[in-house]
Structures are given as structure tokens and as C-alpha cells.
């Protein structure tokens, strides 16, 4: 084996080690987030009747743990065959796609509720979910998986899976579609904020909009970083450095948004016993009642939950 091939193998091994360390960090963050939000999940989400949004929430919260097992099974074993690497890589990649798509569907449902369950918005979001985020992404990911080749480990060295070749432009295209979806959803949300909800001053709507903006900024930045890294980096291991960060961030942010919205709705309704403390009673003059404002606020609030 010539020195250039040895240098490539050693470089791939070093980047694989870095990816593994990053994977451990991601699992730690995920576990801390789960433990931190679990009491609110039990109190706010479990009693709710089963709905598509609740089903997506439970899927994301608990399937991500199984996904981390797939990630570990791919990245950590050493001295494995190329067949093992291919099989575990395919499982991990498909699992990552399921998690990202499910997280996007949570955002789609939220925005549809924010629009007042507008049928035109539903049709557009349905097209996005099925045609763009479904069929097109599946095609790109399938072609990317087929392009991946693994290096056989020479002399039976105790080394992990090392990618020898792949068409990373296909992966960049997947992140490009992800970025497009985030931009389009955020545009719809901004439109309805100024077109329909600008006169409503409820905390629930403020939280909904603020969380949506935070979700958009964080994941758009990560998608952009993944696109740039995949298209410009010469180190093959570096190309996948932020991929699983994107997956984990999608899951954490989408589930936290739902818990936060439920918590805000509970407090606004005055049913949060943990947020209400005994205190001296005070009275103030009652504000004039306007039926239109109250009814519209109730309608918007009810569609968001």
C-alpha cells in the first residue's frame, strides 16, 4: 500500500474518532433534555387525547433513543467488514431521514394551526410534505446511499468504518431542500402574523411566534453549515461532522416547542398550580369587554393547541 493510501486511512480514522466524541456529546445533550422535560411531558402531553401531533411528539421523543443505538452500532465497532459498515450506515441514514421528516411535520401542523386551519395553506403544506420533503428527499437520500463505498481495512487492523467514496452533492441537495422548507414555513408564519394576528396580544401567540423564529434560525444555520461543509471540505470525515447535530437539534427543538406551547396555554388559562402561589389579594378595575377580540383570541388559541 502506497503512502497516500495510508495517509487517507489515518485521516479517516482521526475524523471518525472526532465524530464518535461528538456523538457522545450529542447523546449527553439529548439525555439531559429528556430528563429536564420529562415531568412536563407527563403532566401536559400524556393526558391529551391521541392526535397526529401527539403521535409525532411521542415518536420523536422515544424513537430518537433507538436512533442513537443505530448511530453507536455504526460508528463505534472496530475490525468490522465493509458489509457491516454498509448495512449499519443505511440503517442510520434512513433513521435520520425519518426523524427530520417527522420534526418537519410537527412544524407544518403548527403553521397550519396558526393560519386558522386554512385549506389553501393545508394544500400547500401537504404538497411540501409529500412531494418535496417526501418523494424528492427519499430519492436524493437513496441515490446518496448507493454512492457510498467503504474502505476495506488492510491487514485486519482494528479500525472503524471508513468511507472511501460518496456523492456528497446529493447530501447537500437534501440539506438544501430542508433549508427551503424552513424558509417557506417561516414566510407563511410571518405573513399570518401581520395579516391576521397583528392585533391580538396574547402570550400564547407571542410564544408560538418566538419559538418558531428560534427554531427557524437555529436549524437554518445548521442546514447552511452542512451545505457549505459538504460542498467545500476536502476531508471526507469532516463532511459529516454536523449531520447528526442537525438530526438531534430537530428532535429537541420540535418536541420542546410543543411542551412549551402547552405550558404557556396552561398558565394563560390559569390552571397551572405550580405557577400560582398564595399571595395577598388585590383588585383592579375591570376592562371593557369586547366580544370580537375575545372570540378571535379564543379561536386562535384553540387551533394552536
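Positions of Cβ are set from backbone N, Cα and C atoms, glycine also.
Bear in mind that the values here come from a model prediction, so they are computed numbers and not experimental data.
In TrEMBL, the transmembrane segment annotation falls on 20-38 of the listed ranges 1-19, 20-38. DSSP assignment over the domain 'DUF6533' (21-65) gives 39 helix, 0 strand, 6 coil.
Long-range contacts of the transmembrane segment (88-109) within its own chain (CB-CB distance under 8 A, at least 6 residues past either end) are made by residues 52-53, 56-57, 59-60, 63-64, 66-67, 70-71, 73-74, 125, 128-129, 133-134, 137-138, 141, 144-145, 148, 150, 161, 178, 181, 185, 212, 215, 243-244, 246-247, 250-251, 253-255, 257-258. Non-local neighbours of the transmembrane segment (175-195) in the same chain are 100, 104, 107-108, 111, 114-116, 121, 124, 128, 132-133, 136-137, 140, 209, 212-213, 216, 219-220, 223-224, 226-227, 230, 246; each lies 6+ residues outside the stretch with a CB under 8 Å from one of its CB atoms. For the transmembrane segment (121-145), same-chain residues at least 6 beyond its ends with a Cβ under 8 Å from one of its own Cβ atoms are 89-90, 93-94, 97, 101, 104-105, 108, 111-112, 115, 166-168, 170-171, 173-174, 177-178, 180-181, 184, 188.
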